[in-house]
Amino acid sequence: MIRTMLQGKLHRVKVTHADLHYEGSCAIDQDFLDAAGILENEAIDIWNVTNGKRFSTYAIAAERGSRIISVNGAAAHCASVGDIVIIASFVTMPDEEARTWRPNVAYFEGDNEMKRTAKAIPVQVA
């Protein structure tokens, strides 16, 4: 059996730009891409915490250290500057590998300040 697993996640980054007329994609600070293990041109899902919209696009690199999250093209209708979003990528793998897989997660606060990284998502408690 093949399973689709979370590969990497940027948790609660803030949109810094939204450019309707750029040709598409989401530009992401290269440091952030590295932290989540997301590659340039990789498919990503974006979940907008602020407005509830969910959409897919692909990642492109923004300048390292810039803290840029720029939602571009038609996707700019789904996010505005200042919105808080979660950006995720996924990977497929055999069931036996999936059972021990741990995703790359980066957590953010404020103006895209990376607070920590982890190889797991905490267990949710009531």
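Just so it is clear, glycine is given a Cβ too, placed from its N, Cα and C backbone atoms.
Bear in mind that the values here come from a model prediction, so they are computed numbers and not experimental data.
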Among S25, S56, residue that the record in Swiss-Prot marks as pyruvic acid (Ser): S25
Densest Cβ neighbourhood among A74, A75 (binding-site residues), 10 Å radius: A75
Assigned element (helix, strand, coil) containing S25 (active site, schiff-base intermediate with substrate), judged by DSSP: coil
Cα separation, Y58 (active site, proton donor) to A75 (substrate binding site) (Å, whole number): 11
Neighbourhood of G73 (substrate binding site) by C-beta distance under 8 A, where only residues 6 or more apart in the same chain count: D19, L20, H21, Y22, E23, G24, S25, T57
